[in-house]
Amino acid sequence: MEQFSTKKLDKNTLVMNHPFNIWRKRKAEAIKYNISNYKSWALTLFPIIGWIRHYNSRSFLGDLISGAAVGIMVIPQGLAYAQLAQLPPAYGLYTAFIGPIIYTLLGSSKDISLGPTAVLSMLTGQVISSFTDGKFTAPQIALALALLAGIINMILLISKLSILIEFISVAVVIGFTSGSAISIMTSQLPSLFGVKGVNTTNSAIRVFIDTMKRIGKTNMVDFGFGIASIVFILILKYTTSVLVKRNKKFVYLGVVKNALTIIVFTLISFGIFKAKPNFRLSIVKEVKSGLYAPKVPFMNAELVRRLIGRAITITIVVILEHIAIAKALARIDHYEIDNESELFSQAMANIIGAFFGSYASTGSFSRSSVNRASGSRTPMNGLWTTVVVGISLIALSKAFYYIPKPTITGIILTSVSDLVSNPKIVADLWRIDPIDFVACITAFIVNIVVSVEIGIYAAVGVSVFALLVRVCIPKVVHLSSDQNDDYEDVSVVPIEFMRSGIVVLKPEASFIFMNSSFLKKKISDLVNISTVSPKNVEVDKDKFTISTNSSYEVMRERYVSQLTMSRLEYNLDYQEHAEKYTAEFAEVPENERLPVFKGLVIDMSAVSTIDVTGAQALLDLEVELKDLRKQQLKYKLSLSSNPADTELIDETPNDFMIHYVNVKPGILRIMQVSGLTKPIITKLPIEPGYDFNSPCTSNSESVVDFKKDKLSIKERINIPDKMIFEIDRIPNANSAPGTTPRRGLYFENIHSTIQQAVDSVDNTFV
């Protein structure tokens, strides 16, 4: 095969500049633009500059109501999630206090409620549990983890690497979130039953088994309070769903259901302990009063070394949860969020928050949904959430003393259960794309069987694998013309495709290193299937070859069978008119009756790039197909009784080339440099009314020698439909008055339509 090498071409013959030069110029222009338009990037960093100018009394009222509602909701959640994170209760409120105010200044979504979430709290708790040597306190670990996560988030934002999050598909998010919810609920079983000695950082399966083994040691008081709390919440939830149909104002009953549960069961707990101080109920006890005094989080080399890996995990979850929630809510109300603003606000919330006692936080789906339903108008609602939480820290901390821990467990269980996706959604994934379904189930199972942390990486891995499957094993569409010369997919439309010897294919992916070998083999196989297989033919006896020609007849039969099945699947009327789609394949054509390969036409409309490996694969394919035609001709001659048959004369050009259509400018440049195509400079006068479809000759009279003519591009234009590129304008004495003839850059094997390419191949053998 020909070794890949770039061709030395006059730069004036290239359809566009070098990609690096284009990138460099664009970046320089972008920098100049940002400097001269500082207001634009200031608006990206601080979206409040944009919306605060339009703030009015209606926005104020909506934000006040929604912010207060979320504040009432987040107080019991903050206490509950702090327990999940294995931190003192006050740290859940610190996290709920600082996040919303930072997001008010930096966020671009009117609905997002920043603060503690179940998944991040569980991950934080698992990290804290892994430090068994006692060198660091739980708050030190949690705050350092949040700070590192914020710094990593900022690095990703500055370096534009946050795009990596896009590798995680919606299907994987569904599986990961549902699996995390199951893991969180399972981790709360020991607290619900009041049993000791269960390591809740183990996998969900392990925690469930260990809890069941100790079920005989259940604290019936804790269990009773927990079940009663769950039932109370579910009753409120059901009542809300019924009453809200009569009056939408009852939606606020659902908003405060957790707060009402805390109040009711705390009063019961308080009354019991006053009457019976030694009552066997687990309670929160002392909650530190007042706001967290700002200070630099404790950090040293050992702590950073032990946390850095976990911080990456936290960062992934922070970005993943936040962006997914923000996009989902923005889609409902038809407004746009700024990804950079969202990532910046997340990074700053965790960096600054760590100085104010906040562990890792992100957007909460449940609170954000309540925020939207309560009438949020701008991110200013976060200010009122902060005010409500601040009041609770300053004035209500003593009232938290008698809150039953089983009640907090009940709140966690009912809150997290909403994160489990409806099975119908998972079933829909199977109907839409089996690969997405497998990715979802894999993320879900790993989360439950192994751990939430490993589940994150499994989710990323599955997403990347699913992407690689699509990229590395792309579809190659086999096209053929119908009676109207329209080219259709032969796997859908019943069109004969084994008649002309010209094979038309459309790869539905770019030619890159990951799939070039697959595409080359797939294209080669389809050419061999569509044309005669040369049996036991050797073109060069001294050349080492591994003969595979005999296998193509078997492959042809299988391909015909697959096409038959495909046509029946794609056409809904196949039961009544099955013969219409299968008549062509009543029997597989005999090998000897198939045509000799004439040429290959590749539709490049779906190809967005070609790398070096892809270009090499196409060069190798050219050589392989040229040899194939010679073998086929020799085989046909061996079957012919008339060796002088003109149809079998080897007319294969020495410079045999694959023909391409719908080639993008950037691809065309790569093809020029790599030798996949070459331009012909014509002296044809291009005037108004000139027929571009007429054949462009390449004889000595029409070819211009660059070295002699020293042509230079005086004017660049966009690529016209007919693939003619202006080089320069030359006066022509024969031109009609008022017209300006010009030279054109014509590519012998590049065409604007498939039919033109097919005609060009046919003309080669005339």
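Here the Cβ of each residue, glycine as well, is placed from N, Cα and C on the backbone.
Per TrEMBL, the feature domain 'STAS' maps to 501-686.
A Cβ distance under 8 Å defines the sequence-distant neighbours of the transmembrane segment (60-82), meaning residues of its chain 6+ beyond its ends; these are 88-93, 95-96, 100, 113, 115-118, 121, 252, 255-256, 258-259, 261-262, 284, 287, 364, 366-367, 370-372, 374-378, 380-389, 392, 400, 403, 408-409, 411-412, 415. Here TrEMBL flags 60-82 (among others) as transmembrane segment.
Summarising the annotation, TrEMBL assigns transmembrane segment to 88-106 (among others). With a cut-off of 8 Å between Cβ atoms, the residues of this chain six or more beyond the transmembrane segment (88-106) that come close are 45-48, 67, 70, 74-75, 77-82, 112-116, 121, 138-139, 142, 284, 287-288, 291-292, 341, 344-345, 348-349, 352-353, 356-359, 361, 379-383, 385-386, 389-390, 392-393, 397, 400.
Per TrEMBL, transmembrane segment is recorded for 138-156 (among others). Outside the transmembrane segment (138-156) by six or more residues, the chain places 85-88, 91, 124, 127-128, 131, 162, 164, 297-299, 303-304, 307-308, 310-312, 314-315, 318-319, 343-344, 346-354, 357-361 with a CB less than 8 A from a CB of the stretch.
Sequence annotations record features per position, and here TrEMBL assigns transmembrane segment to 163-185 (among others).
Residues or ranges marked as transmembrane segment in TrEMBL: 220-238 (among others). Beyond its flanks by at least six residues, the transmembrane segment (220-238) meets 191-194, 253-254, 257-258, 260-261, 264-265, 269, 279-282, 404-407, 409-411, 413-414 of its own chain at Cβ-Cβ distances under 8 Å.
Residues or ranges marked as transmembrane segment by TrEMBL: 250-273 (among others).
Under the heading transmembrane segment, TrEMBL lists 307-330 (among others). Sequence-distant neighbours of the transmembrane segment (307-330) (same chain, 6+ residues past either end, Cβ-Cβ under 8 Å): 108-109, 111-112, 117, 119-120, 123-124, 127, 141, 144-146, 148-149, 152-153, 156, 162, 165, 168, 170, 173, 176, 336-337, 339, 342-343, 346, 350, 360-365, 368-369, 372, 453, 456-457, 460.
Per TrEMBL, the feature transmembrane segment maps to 342-362 (among others).
Sequence-distant contacts of the transmembrane segment (382-403), counting only residues of its own chain at least 6 positions beyond either end whose CB sits under 8 Å from a CB of the stretch, comprise 63-64, 66-68, 70-72, 74-75, 78-79, 89-90, 93-94, 96-101, 103-104, 107, 113-115, 262, 265-266, 269-270, 273, 283-291. Look at TrEMBL and you will find 382-403 (among others) tagged as transmembrane segment.
TrEMBL lists 437-469 (among others) with the feature transmembrane segment.
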Note = Restricted to the domain 'STAS' (501-686), the mean pLDDT of the model is 78
